[in-house]
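Quick one: structure below, then a few questions.
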């Protein structure tokens, strides 16, 4: 038995844990807890920062949309005001010139009608007088002369003188009527000129309406261009926001990789992270 006991290996004696080994385990446990807490804190910071960034982006986008809408409204009001002002000026000028031409045309037409009526009345009176003269010469005077003198020769001489006088009167009257006819032709030409001016004014009025419609079309085109620029600005803003978000996420990763797990990130605020990202 002694020989067998001497051949067996010695049994390991139970060892007690030293105080140094216990502190190491506690330190490892604390470090793991701190790492988990730091990771959770970093997640919370990321989430809060993302929410704040999203709210800020929405607020900025809303303010930009309002500002752009105000600019569009202001430009539209300015264009509409200029168009209305120009249209009112042209309408006032057109109405004023139209009234003046209409008044002048009415006065000239009334004077012409009065002249024609007076000339017609005078011509009728002259024709009636000449008819009476002819009847008197050819009937009464001739018979009386035959009764008084018995010979028609002297009568015909007197009648020729009377006819010559009558012819002279008719010639003078004809010259006077020619002058009045020339005056009437002049008035007629003036009326034609007034009608041409009225036609030109009507054409200008139509051109004014066409210009007004063109200005409306131009205003619509400008509004569409501004809306297109607004959409382009929105796309650029969205792209810039996306790039900013990617930059901040990359910065969070870099900060998360370089940060020591033994130290919490509670001292880092969203404002400081945004400042570092910029």
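We number each residue from 1, going along the chain as drawn.
Each residue, glycine too, has its Cβ placed from N, Cα and C.
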Match it up for me: which of 1-22, 23-44 does TrEMBL list as region 'Disordered'?
1-22
In TrEMBL, which of the ranges 81-108, 109-136 has the coiled coil annotation?
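Based on what TrEMBL states, coiled coil spans 109-136.
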